[in-house]
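**Q** Per TrEMBL, transmembrane segment is recorded for 86-105, 117-137, 157-178, 207-226, 232-254, 347-368, 388-408, 429-449, 512-533, 557-576.
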Amino acid sequence: MAESVNGGSDAIQPLLMPNTRIDDVYEGIVDYRGEKVSIGSDIGGWRSALLIIGAEFAETIAFYGISSNLINYLTGPLGQSTVTAAANINAWCGVVWMLPLLGAFIADSYLGRFRTIFFSSLIYILGLGFLTLSVVLPSLMSSDESVSNEVHETSSAPFLVILFFFSLYLVAVGKAGFKPCAEAFGADQFDEQNPEECTSKSSFFNWWYFGLCVGSCISRFTLTYVQDNISWGLGFGIPCFSMLLGLFVFLLGWKTYRFPAEENKENPLSRIAKVFVASAMNWRSTAVSTSNQEEGIRMSDNHIRVGAHQFKFLDKALIDIPNSDRIGSRKGSTCCSIDQVEDAKTVLRLVPIWLSCLTYAVVVAQSMTFFTKQGSTMNRTIKQGIQIPPASLLSFIPLTVIFFIPIYDRLFVPLARLITKNQNGISTLQRIGCGIFISTMSMILAALIEKKRLQTAFDFGLIDKPNETVPISLWWLVPQYLLFGLAEVFTMVGLQEFFYDQVPDQLRSVGLSLYFSIFGIGDFLSGFIIYAIDKITTGGNQGSWFSNNLNRAHLDYFYWFLAALSTINLVAYLYVSKFYLYKRGSSV
C-alpha cells in the first residue's frame, strides 16, 4: 500500500522498469507497483470499480445508521432539548460536508486518493467504535440490567456526552477523506480516452449513486428500528462493523487498481491562488508581457476563451513586471499563464451558483431533524405491538431517487430532447432549478401537514400532553419525503454533475468537495436560523416555534418561512444562472 507522495500522486514508485511498448499501454496510468498498465489487462475497469462501489455502499450504511436517528438519541438518552439537539445536528452535519474540502486538498497535494481513503477509513472506524462505546457505557456501569433496554430521557454524565460528541466529530474527519476521494478514485479505473471505457465511466456514476441510495434505504429501514426497539448500542455498533467491512472490501482490490502516473505536479489550489495573488500585486500596472500577448493570440486562434470579458481584473495576473518596478520588489515573477487565468475565472464563475444553492441546503437539513421529530408524535403503529421508527420515513427519499432516476434518464430526457434539442434534455442549471422549485413545494406541503397535525392535537385535547400519541397517521408525512426525493433527482444529481464538470480538470476532486460544502454551509445556516427564531419567539404570546412540546410549537410557521425564503432564492438562482457561461468543451 506504499504510494509515492511526490506531488500528491497516487502512483507507487516502480520496482521494475516497464517493458511494454508505448502504444500497448494506457497513457498516464500505472499499477500498484508503478508499472505501466497494458491495454486489455485485468488492471482497473469494472472489476476494481465495483469493489470501490462496495466500499461506498458499506460507508453509506454506516453514516446514515448514526445520522438518521440522531435527533431521537439526543433528545432521548442524552436529554437535550429539541432546539439544542437540532442545533448540534446542524453543526455536526455542517462540519461533515465542509471538511471534504480539506480532505480533497490533502489527497490532491500530498497523500493521493488511495492513501487518503485508507487512512480516513481507519479514523472513521475509530470514531464509530468510540461512538458505540459512549452509548453502551451507561448500561455497563449500571447495576440495573434493564437500563440497557430502556430509553431514559435524562441527562447523561458530562464525560459520556463529551465522548459522544468527540466520536461524532472523529467520524466527520474520517468521512472528510473518504467521501471526496472514493468516487473520484472509482472513476479513475476507467480511461476516458478509450471510447468503450468512457461509456463505462458514465455508467459508473449511475451505479455509484444507486449503491448510495440502496445503502441509505437499508440503513434507515433496519438500523433505526434496531435503535428504537432493541438497543442503541447495537444500532451504533452495526455501522462500525459495516465500515470495517467496507475497508476490507476496498483493500481486496489493492493489486487491481489503476493509479495516476503524474509526478511532481503543481498543487492545483495554489495554482489558482497564484492568479489572485498576482492580480492583487499587479493591480496598478497596465503593461502585459510579450510572451503572454503571444500566448493569448495563439489561444484565440485555436479556440475562443470562454468569458474573456468577465472578471477582467484577473487579467492583471498576466503582467510580468521587473522586480525593480514592482511594489515591495519581491523576488520571482508574479506572471501567470493564460490557462491559469482562465481556470481562475472558471472557478470564480461558480461562486454565484454556489451561493444561490445554499437555501436549498437549508431546506434539505430539516428532513433529518424536525421531520423526524414530528413523526415521533404521530401514530406509528402498523400492527399490534409493531411501531414504525419515525426516522425510517427518510428511506422514502432514496427510494424515490431509485424509482425516478430511470424514468428521468429513459423517459424525461428523450422527450425533453425533442423540445430543447439539448443532448441532455435540459441543461444542468435548468435541472438544478427544477429541483429547487420542487423543494419549495415540499416546504409548503410540510407546513400544511404540520398545521393538520396541530389541529388534530387540539381537537383531541392533547396540547399539553406531549407524551401522548397524536391520532394522526405517520403516513401523512410521506408526500413531503417523496417531494424531497424528487427534488434530489434534479438538484442533488445536477449539482454533483455541475461541480464535477465545470471546475478545471485538475480540480475535479475539489469540485466534488465544493458540492459537499453547499450542504455544510446550509447546515450551519439552518442552525443559525433556528437559534435566531427561537430567541425571537421565546417569551412571546404563542411561545417558541421550537418548543420541546411540539403540540405547542409552530413548526408550520417555520416551514412557511422556509418556503418564502426558498421562493426568493429561486428567483435569485434563475437570475444568476441566466448569465452563467459554461466551461469550454463542457457536455452539460
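Cβ coordinates are placed from backbone N, Cα and C, and glycine is handled just like the others.
In TrEMBL, annotation is done automatically, which means it is predicted and not curated.
Would you situate these features in the structure and describe their surroundings?
**A** Within the same chain, residues 53-54, 56-65, 68-69, 183, 186, 234-235, 238-239, 389, 391-392, 394-395, 397-399, 401-402, 405, 493 sit at least 6 positions outside the transmembrane segment (207-226) and bring their C-beta atoms closer than 8 Å to a C-beta of that stretch.
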**Q** Would you say the transmembrane segment (117-137) and the transmembrane segment (157-178) are touching, if the rule is that at least three C-beta pairs must lie under 8 angstroms and be 6 or more residues apart?
**A** yes
**Q** The transmembrane segment (512-533): which same-chain residues, six or more beyond its ends, come within Cβ distance under 8 Å?
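**A** The answer is 83, 86-87, 89-101, 103-104, 179-180, 183-184, 350, 354, 357-362, 364-366, 495-496, 498-500, 503, 545-546, 558, 561.
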**Q** Under a Cβ pair cut-off of under 8 Å, which of the recorded stretches 117-137, 347-368, 429-449 contacts the transmembrane segment (86-105) most often?
**A** 347-368
**Q** What stretch of 117-137, 232-254, 347-368, 388-408, 557-576 shows the most Cβ pairs under 8 Å to the transmembrane segment (429-449)?
**A** 557-576
**Q** Quick test of the contact rule: Cβ under 8 Å, at least six residues beyond the ends. What residues does that give for the transmembrane segment (232-254)?
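**A** Distal contacts: 1, 32, 47-48, 51-52, 54-59, 61-63, 65-66, 69, 73, 77, 117-118, 121-122, 124-125, 128-129, 131-132, 135-136, 139, 148, 151, 219, 223-224, 226.
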